[in-house]
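As recorded in Swiss-Prot, the features of this protein are as follows:
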| type | residues | note |
| --- | --- | --- |
| ACT_SITE | 171 | active site, acyl-thioester intermediate |
| BINDING | 66, 67, 68, 69, 70, 71, 72, 73, 140, 141, 142, 153, 154, 155 | substrate binding site |
| DOMAIN | 27-209 | domain 'BPL/LPL catalytic' |
| SITE | 137 | site 'Lowers pKa of active site Cys' |
């Protein structure tokens, strides 16, 4: 099931709704993907270090229960929250992370963004930038798994103001360059990109016999 949330969405209520959905689901609960475009916010994961918040300015900061460091969400970025039953699908964490990355890479390829790839030791999706082909981040991952149920998900930069990323060390990496699809010469509607990403995510989930989605 794919569900679009009200745009722009405040981060904290969406996070709490994910937690409530996860706490209330059972073995037969269908998987869902929630798509949204957030109001500007910095989020700090469980490993987040305050020193990676360089200059937050007026943008609110929310500490949350996903893995990872600090990132930015805001208008022009589509976030796909993946409420998936990993135990039912028979997926381990590493396989699940790869599934998220593959879905983002496939979506970028679908819309004509060239060269999307992984970067060893740095989760997320990257694209080559400039003559030297330096890898710049275009999609970030953050997950939480509770009793075999996953929530949080993947954020893909479509066409956004990238300047707030200068106020942080994105994902804890000093000097990491962040880009969006528009910077790669591809301007597409955020809803279209989000829908394709969600479809790829759901299609990639192994579905045991008799399961519903």
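Backbone N, Cα and C define each Cβ position, glycine as well.
It should be emphasised that the depicted structure is a prediction, and the values quoted were computed from it without experimental measurement.
Sequence features, as recorded in Swiss-Prot, placed on the structure.
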residue: 66; record: substrate binding site; contacts (Cβ under 8 Å, 6+ apart): 43, 45, 46, 142, 143, 144, 152
residue: 72; record: substrate binding site; contacts (Cβ under 8 Å, 6+ apart): 40, 41, 42, 43, 59, 164, 165, 167, 168, 170
residue: 154; record: substrate binding site; contacts (Cβ under 8 Å, 6+ apart): 79, 80, 82, 100, 101, 103, 104, 139, 140, 141, 142, 197, 201
All-chain count of other Cβ atoms within 10 Å of residue 140 (substrate binding site):
24
What is the separation, in Å, between the Cα atoms of residue 68 (substrate binding site) and residue 137 (site 'Lowers pKa of active site Cys')?
15
Cα distance, residue 137 (site 'Lowers pKa of active site Cys') to residue 70 (substrate binding site), nearest Å?
14
Across all protein chains in the structure, which of the binding-site residues 68, 142 has the highest Cβ count within 10 Å?
142
Considering each pair of residues in 66, 67, 68, 69, 70, 71, 72, 73, 140, 141, 142, 153, 154, 155, all listed as binding substrate, report the largest CA to CA distance in Å, no decimals.
16
Can you tell me the three-state DSSP label for residue 68 (substrate binding site)?
coil
